[in-house]
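Copied over from Swiss-Prot, here are the features:
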type	residues	note
SIGNAL	1-31	signal peptide
DOMAIN	39-95	domain '4Fe-4S Mo/W bis-MGD-type'
BINDING	Cys46, Cys49, Cys53, Cys81	[4Fe-4S] cluster binding site
BINDING	Lys83, Gln150, Asn175, Cys179, 212-219, 243-247, 262-264, Met372, Gln376, Asn482, 508-509, Lys531, Asp558, 718-727, Asn802, Lys819	Mo-bis(molybdopterin guanine dinucleotide) binding site
BINDING	Phe794	substrate binding site
Amino acid sequence: MKLSRRSFMKANAVAAAAAAAGLSVPGVARAVVGQQEAIKWDKAPCRFCGTGCGVLVGTQQGRVVACQGDPDAPVNRGLNCIKGYFLPKIMYGKDRLTQPLLRMKNGKYDKEGEFTPITWDQAFDVMEDKFKTALKEKGPESIGMFGSGQWTIWEGYAASKLFKAGFRSNNIDPNARHCMASAVVGFMRTFGMDEPMGCYDDIEQADAFVLWGSNMAEMHPILWSRITNRRLSNQNVTVAVLSTYQHRSFELADNGIIFTPQSDLVILNYIANYIIQNNAINQDFFSKHVNLRKGATDIGYGLRPTHPLEKAAKNPGSDASEPMSFEDYKAFVAEYTLEKTAEMTGVPKDQLEQLAQLYADPNKKVISYWTMGFNQHTRGVWANNLVYNLHLLTGKISQPGCGPFSLTGQPSACGTAREVGTFAHRLPADMVVTNEKHRDICEKKWNIPSGTIPAKIGLHAVAQDRALKDGKLNVYWTMCTNNMQAGPNINEERMPGWRDPRNFIIVSDPYPTVSALAADLILPTAMWVEKEGAYGNAERRTQFWRQQVQAPGEAKSDLWQLVQFSRRFKTEEVWPEELLAKKPELRGKTLYEVLYATPEVSKFPVSELAEDQLNDESRELGFYLQKGLFEEYAWFGRGHGHDLAPFDDYHKARGLRWPVVNGKETQWRYSEGNDPYVKAGEGYKFYGKPDGKAVIFALPFEPAAEAPDEEYDLWLSTGRVLEHWHTGSMTRRVPELHRAFPEAVLFIHPLDAKARDLRRGDKVKVVSRRGEVISIVETRGRNRPPQGLVYMPFFDAAQLVNKLTLDATDPLSKETDFKKCAVKLEKV
């Protein structure tokens with residue numbers, strides 16, 4: 001029986017009305033309702049951003065056929081954004097990859113060959129050969145992996161174990177390096193522990209919201225709906241929005257501030273000065289819970305050492321700091337006067353004062369939100385530190401309705417990249433590879449020889465590009481990310497390395513992305529509810545979901561790929577004799593046996609799954625792999641302020657916010673009565689630091705790595721739009737989302753367009769020192785840049801805006817500044 005949408009809706013209405021009235025139901029309505037009831041519903045977190053909305057997934061006949069907001073989910077309370085409502089369609093693009101593809105010519109691998117279907121065994125044969133050759137000839141530093149904040153928790157954990165323990169290479173980094181690394185380093189420097197102290201429940205209790213470089217209306221729309229409700233329901237609530245261009249979040253703003261790029265550092269120091277000058281310091285909090293330090297300056301821009309800017313820097317890459325007195329700090333910020341700040345930022349004085357008054361008013365609860373405007377910044381760590389200063393000076397932290405809150409852009413940038421520790425320098429639960437004690441903890445838990453994990457920090461994302469280009473990194477596996485489109489400086493620093501004959505590139509992805517098409521081997525990957533998974537969102541909420549359908553064709557999850565590939569290596573092939581001598585019982589064993597099929601991981605039987613429950617990996621291996629990996633991983637954080645609940649609890653709950661102690665989640669960390677790690681009488685305790693005190697840093701304004709000049713006379717900022725997510729590899733395959741925003745445009749001020757003889761709809765060539773792209777002029781619409789700046793989203797594979805961007809990074813976090821480079825326009 002086929003029905004139109006109208007007939008379907010009408011039949012549902014008839015059935016509902018008849019049931020309410022106690023009447024008999026027409027046959028067609030009964031049939032439709034029966035068909036609807038045949039849909040099986042189960043919970044899952046949304047596949048997109050870091051908000052962590054809960055959805056109900058409807059499956060029927062082996063396919064995801066529907067999706068709705070989960071009314072029991074505390075994050076979104078039944079509401080989805082436009083992307084969330086179309087989640088089912090991301091899985092069924094016409095070009096979905098279903099079998100491995102290898103570049104071949106004359107029946108064998110060839111770097112210049114055509115993509116040819118092969119089997120998984122053939123794919124692993126080629127990978128095994130390339131990995132073993134590189135390891136034998138050049139050692140562990142010649143191989144690398146680029147992962148994702150979209151990995152599930154156990155996928156990231158399995159990948160980290162394989163590289164850091166198995167292959168003894170720390171050259172593994174996630175794409176969260178491009179979005180959250182500055183937040184991580186900022187948290188660690190100020191508090192000694194990563195991730196926000198507050199939660200989304202703050203929204204309903206706050207008096208003021210300040211957005212620093214965050215367009216929440218489009219990038220975190222569900223949270224924005226809660227802020228909007230709070231603002232419109234309470235006339236005394238204030239919203240301030242700071243950005244380098246006007247966007248949709250300004251529609252709600254009481255104080256909408258456009259500032260000159262990079263000058264947010266000036267504004268932050270001005271507010272600190274205002275707080276001090278107006279005696280608005282919370283003296284009791286400040287005296288008990290805060291230390292003051294002066295940070296190193298002139299630290300460079302994370303460019304190659306041969307770059308003139310790096311050569312000129314006095315302290316390139318330095319995160320050093322020294323204690324300072326309050327009087328010295330007061331004198332430091334005193335330089336950032338209202339007059340100087342207005343001049344440097346271009347912001348009117350009255351707007352600056354209004355903003356400062358929000359923080360200084362002891363009766364106003366303030367939340368600071370930020371995302372990429374802060375983090376993708378050559379002084380992103382400093383920006384994070386400076387906003388913490390404002391909350392630490394006023395004591396507006398770790399209490400309901402108050403606090404600094406770093407929002408995340410990916411569904412598990414927190415839960416996987418940060419908490420699991422898939423960065424090149426990290427291990428689980430905030431541990432790091434450079435700390436011998438931390439390495440020892442991991443090696444003992446993993447039952448591997450002491451000294452297995454290298455002490456040297458591996459290559460971060462941008463350094464991986466450079467090493468590939470230089471021929472130092474020769475085998476490179478990327479998963480769950482599209483870095484050829486998303487990463488900076490494609491022309492100069494990425495594409496050359498990927499297409500270098502010395503290098504072999506593997507891309508695991510569900511679709512033929514820009515990255516996949518630039519690779520040598522493509523592995524088809526299972527998506528979202530085609531596997532069992534777990535994500536951790538921005539408020540420390542860990543959420544689980546079960547596999548609900550099977551992947552098409554031969555597509556396999558990232559977890560399956562990692563675990564099965566580990567079977568190809570024996571310990572003698574990857575570890576030196578001195579390590580094997582410490583644990584001779586591991587001789588002859590495969591990395592699969594050493595890392596995954598261990599007594600610790602394999603102790604949970606498949607029988608724990610319901611008889612009809614899908615779980616392809618566990619049923620193939622004969623034990624509950626996901627549970628074993630999670631419980632082993634969770635051990636690292638329990639008792640250390642990162643406590644995760646038992647595995648089974650998450651399948652019953654709509655997520656739990658860590659630390660979870662004695663079955664109770666934590667909404668606000670570091671404060672007495674809210675955090676189980678803060679004892680009675682302590683008030684506040686920032687227990688990531690040895691003395692329990694947070695740090696206020698004195699850090700100055702320093703200019704951007706590249707700014708407009710006479711030839712390249714415009715700032716370029718890049719970012720996202722509501723309808724698409726990151727590089728659009730999923731959302732552009734949803735017809736409705738594609739139609740809503742079919743191609744990227746160049747947002748430009750009308751006067752800048754007029755001065756260049758450009759009109760709305762014209763084609764325009766955007767040119768930087770590194771490359772050029774053709775786009776379309778947009779002088780109206782949702783984004784309205786000031787004169788001197790243009791904005792372009794990066795979702796469009798036909799307009800690779802990252803051909804233009806500079807690979808300058810924050811020297812401390814190694815995160816790229818995608819918000820500031822110089823371009824010129826040429827009419828086409």
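Cβ coordinates are placed from backbone N, Cα and C, and glycine is handled just like the others.
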Could you tell me the mean pLDDT over the domain '4Fe-4S Mo/W bis-MGD-type' (39-95), as a whole number?
96
Return the residues near Lys83 (Mo-bis(molybdopterin guanine dinucleotide) binding site), defined as same-chain residues 6+ apart in sequence whose C-beta is under 8 angstroms from its C-beta, sorted by sequence, else 'none'.
Cys46, Phe48, Leu722, Glu723, Trp725, Thr731, Leu737
List the residues of the same chain that sit at least 6 positions away from His726 (Mo-bis(molybdopterin guanine dinucleotide) binding site) in sequence and have their Cβ under 8 Å from its Cβ, in sequence order, or write 'none'.
Gly409, Asn482, Ala486, Arg720, Phe794, Phe795
Hey, what's the Cβ neighbour count for Gly213 (Mo-bis(molybdopterin guanine dinucleotide) binding site) at 10 Å?
24
Compute the C-alpha separation of Cys53 ([4Fe-4S] cluster binding site) from Glu218 (Mo-bis(molybdopterin guanine dinucleotide) binding site), stating it in Å without decimals.
15
Reported in the order helix, strand, coil, what are the DSSP residue counts of the domain '4Fe-4S Mo/W bis-MGD-type' (39-95)?
9 helix, 20 strand, 28 coil
Of all the binding-site residues given, Met372, Val721, which has the fewest Cβ neighbours within 10 Å once its own Cβ is left out?
Val721
Beyond the site residues Cys46, Cys49, Cys53, Cys81: chain residues whose C-beta lies within 8 Å of the centroid, for [4Fe-4S] cluster:
Phe48, Thr51, Gly52, Asn76, Asn80, Lys83, Gly84, Pro221, Ile222
